[in-house]
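These come from TrEMBL:
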- 602-627: compositional bias 'Pro residues' (COMPBIAS)
- 628-647: compositional bias 'Basic residues' (COMPBIAS)
- 731-741: disulfide bond (DISULFID)
- 660-759: domain 'SRCR' (DOMAIN)
- 595-657: region 'Disordered' (REGION)
- 1-23: signal peptide (SIGNAL)
């Protein structure tokens with residue numbers, strides 16, 4: 001495998017830490033933190049990087065003035081700094097963690113999590129101001145007991161609690177910085193699709209129209225993710241008992257490749273590539289499996305049919321890519337056998353056509369009459385050559401890590417069927433190759449464009465095919481091959497080959513010059529400033545880029561991990577997003593946001609897109625009129641006026657009847673179960689008679705131009721805890737809300753929650 005061990009990963013494993021539980025910078029609206037365009041006046045400690053722009057900073061200042069107005073001057077002098085500190089934590093780049101918003105098993109805190117010493121000082125001097133910050137009776141009952149008070153308010157995390165998180169150099173170092181790229185670098189954003197994966201090495205789709213995708217972990221588990229984004233409770237395939245790997249960071253052995261038969265709908269077969277043990281020896285194994293006849297989301301583990309097994313002389317350079325070409329034949333990409341410099345034999349495995357290592361193999365998996373595990377395509381380039389293995393399609397490769405088939409230009413078909421690969425280098429250069437039959441890609445004579453073995457490099461018979469691109473170890477040290485983007489959602493990316501580097505975490509791209517065959521490099525940057533400041537978008541990722549993938553629609557993804565260990569659930573699946581299509585779209589509505597199933601009121605984008613008069617406005621009401629200050633007569637500051645809840649931005653804004661929201665627990669943002677506000681309560685809508693015109697009304701309320709489809713039969717989950725408010729909805733499509741459409745009277749229905757309707761905007 002191309003990825004190499006990391007010292008950090010080994011250290012964390014030795015210390016017994018689980019890095020996945022470490023918090024990451026995230027705001028309360030679940031957007032990434034950013035650098036505000038102007039310094040903040042009220043919360044200046046977050047001027048360099050945080051979750052507030054000038055407008056939110058001013059609102060927090062106004063809120064502080066309201067809270068302070070309930071204290072007399074002495075109380076304000078004694079406790080004002082505590083109030084300011086607590087109010088400003090909404091600006092912290094770790095706000096989601098401080099307010100416990102990352103944990104779906106607990107409610108969001110009304111107060112940020114405090115460090116023990118700070119909590120004790122707060123209790124001793126200012127505990128009586130608690131009722132200004134929360135109206136929760138259970139919280140107020142703790143005011144008289146320091147131990148219980150601080151037990152409730154302390155975060156229990158000595159590094160990430162306030163104020164330790166603010167002063168931590170380790171946590172603040174590098175926040176908000178984006179890697180500098182070449183002038184005019186391509187700025188992209190990301191959307192997190194799945195997390196908690198253990199070294200996710202591959203993602204594939206079945207091409208069967210189900211829009212499922214399958215994610216393979218290095219340890220041997222393959223998970224199926226359904227079209228609504230939810231992950232099946234049980235693995236699609238569990239080969240942990242057969243897969244050879246270890247928990248050590250950087251171990252290149254394991255489950256390495258996954259490919260579905262191009263006619264999967266008919267054959268129900270798929271293929272895997274993994275490391276195995278055969279007696280005292282290590283091998284790489286390619287096997288066929290069938291999907292269960294009873295469950296399309298489960299493989300039949302007893303159906304394994306081993307097609308190919310090759311002795312692996314060392315534990316590294318295991319290859320691992322499987323793919324079906326446009327010719328419907330299976331391509332297998334093996335490593336050179338490991339160690340360093342391909343030391344096997346006079347010329348190494350890669351230059352030896354009698355070895356299956358260091359090769360691109362091509363086989364026909366359709367069973368023949370005599371029942372061999374596979375057949376040799378008659379047009380393989382070395383069929384009949386003395387001493388050459390007939391499976392060999394190309395040779396001279398070191399350790400190709402992640403290859404892909406170009407779908408081709410959707411209009412002209414140009415490029416269709418080309419196979420691109422990243423080949424991991426030795427110690428100087430990484431390269432990207434286009435695979436052609438019979439080609440010698442030069443290893444170990446060459447590394448990239450440069451000579452590695454001087455004697456072999458000088459051999460006139462080498463006749464190697466140079467890479468389309470090579471880069472030095474100043475950019476990265478372990479290439480991860482990618483895809484030519486042919487999807488629809490990001491038209492600016494069409495035709496770009498997007499790839500990355502496992503070690504540096506760098507994303508890169510190549511564009512072909514029409515007619516010349518030359519490829520031009522362009523740096524890819526994460527969107528800077530407010531480029532990615534839209535709900536659900538990120539401008540950062542964990543560092544180790546393991547693999548790239550595309551879904552059935554041709555949209556591009558990559559898999560990465562914070563720690564390169566098969567034992568650590570630190571892997572994340574990201575979808576690549578071109579932010580320009582967001583900049584040209586209306587801002588999203590002010591409905592509740594969702595993250596891992598937890599609701600939180602979403603703030604408007606911190607950029608300044610043109611306002612949409614058809615969308616509800618999110619400006620906050622003015623602060624209440626302050627009470628005149630009065631002097632306290634005791635040790636603790638005296639409070640005046642009604643109690644207020646921390647986080648309440650003045651009086652609660654009354655949403656108009658007919659307001660809608662899409663609840664997408666487990667699904668991608670922008671789609672979900674439809675919920676509507678009627679009579680002051682939220683409820684669901686039945687799918688009876690609900691059609692595309694009704695969905696168009698909903699999507700127009702939410703700021704979308706049209707609806708992609710209606711999701712029936714509780715596809716996005718049942719709202720079992722909510723009432724069913726509307727049934728038999730019939731719209732013309734021009735109504736401003738569903739309440740203007742024909743329907744049964746509110747709360748009168750003859751349906752169940754199993755018929756809760758959902759909507760999928762474009």
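Here the Cβ of each residue, glycine as well, is placed from N, Cα and C on the backbone.
In TrEMBL, annotation is done automatically, which means it is predicted and not curated.
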Nonlocal neighbours by CB distance (under 8 Å) for residue 731 (disulfide bond), same chain, sequence gap 6 or more: 691, 693, 694, 696, 697, 738, 740, 741, 742
Average model confidence [pLDDT] within the domain 'SRCR' (660-759): 84
Local Cβ density at residue 741 (disulfide bond) - other Cβ atoms counted within 10 Å: 22
Three-state composition of the domain 'SRCR' (660-759), taking helix and strand from DSSP: 16 helix, 28 strand, 56 coil
